[in-house]
Amino acid sequence: MSKITAAITGVSGYVPEYVLTNKELETLVETNDEWITSRTGIKERRILKGENMGTSKIAVPAVKELLRKTNTRPEEVDMLICATTTPDMVFPATANIITAEVGAVNAFGYDLQAACSGFLFALATGSKFVESGQYKKVVIVGADKMSSIVDYTDRSTCIIFGDGGGCVMLEPNTEGLGVQDQVLKSDGTGAPYLHMKAGGSRRPATKETLEAREHYAYQEGQQVFKFAVKGMADVAAEVMERNNLTGDDVAWLVPHQANKRIIEATANRMGLSNDKVMLNIHKYGNTTSGTIPLCLWEYESQMKKGDNIILAAFGGGFTWGSIFLKWAYDTKQD
Ligand code: UT7
């Protein structure tokens, strides 16, 4: 019997309607469109507004659309992993909320927390379940409502983040398509540069933690930038080298969208021209676990069966990694 690989057989995404522009941010903090655009490449981001609106409200419409596109009945889903840093609640897992809301009554699932590398880590994890031969339909979600942990008085952080997410369906493939290889890394010594101080078991919420604004993402941008530029390029180069790929062999780089300058540095290192780099940071900013599936969703029609695709991310933790996959289908027009 030929070897089973885990192939992406469908992709979907969702972004909330509200558009937070650089102009509007100028009314909240001392900043300007020129600075944000030239330092990050971001023009606007989406924000999920309303009471009781958690990350699942981004994931559920994306998963429903994925099931429709892939002609999958909800009961057929075996497993759902939700990569998120902003779960609806500390527990239960957002994955449980999603599976209940879409009617995936036979699926088991859990959340996976690896900050901006979450989607890559979840994709690598889910692919192993498919490769084992035991699971046939595995949904991988990457979604975040970053506006729930962003301090809109901190101008160096609030300008980069937005809300949104997407998902992919993983299914067994015997043509050798799908996930081929991955390089995944984490290094906890990076924690001081990007973290949320309170709200976990170390510093549960108190009046003091609230007053000290400790329930927001804390980032030392310049430090993170330095590690990200090197880390993301290193792993992308490593996965290419291991698989004897040159820039010419790669059809697309799908980079985490944190800063356009980090993306450009990675593409340069891989020897890729700009037209092979998926980019939507100008519209959505940094949606943490959401960036890579949102790119795949937007560029789906441009990918061809057999294309060599490199995914790459860097984020809090630190966590970073790169996945090499062969795209498994030509888009059906629907
Ligand atoms: O998603 C996963 C992990 N995160 C990342 O990968 C993010 C990595 N970091 C970055 O993308 C960048 O560091 C930022 C976009 C967050 C910041 O850009 P930067 O070029 O590193 O700016 P900086 O923090 O070094 O600040 C440069 C100057 C400072 O002024 P002085 O001290 O030179 O006078 C800041 O106060 O820019 C100032 N500044 C701003 N000015 C206008 C910082 N934020 C702003 C702002 N508007 N929003």
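Heads up, the Cβ atoms here are built off N, Cα and C, so glycines get one too.
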Which of these ranges is annotated region 'ACP-binding' in TrEMBL: 72-76, 152-156, 257-261?
257-261
In the chain carrying His256 (active site), residues 6 or more apart in sequence that have Cβ under 8 angstroms from it
Cys116, Ser117, Met232, Asn286, Thr291, Ile292, Ala312, Ala313, Phe314, Gly315
Which residues of the same chain, at least 6 past either end of the region 'ACP-binding' (257-261), have a Cβ under 8 Å from a Cβ in it?
39-42, 116, 160, 225, 228-229, 279-282, 284-287, 291, 294-295, 314-315
Cβ neighbours of Cys116 (active site) where a neighbour is any other Cβ within 10 Å:
32
Arithmetic mean of per-residue pLDDT over the region 'ACP-binding' (257-261)
97
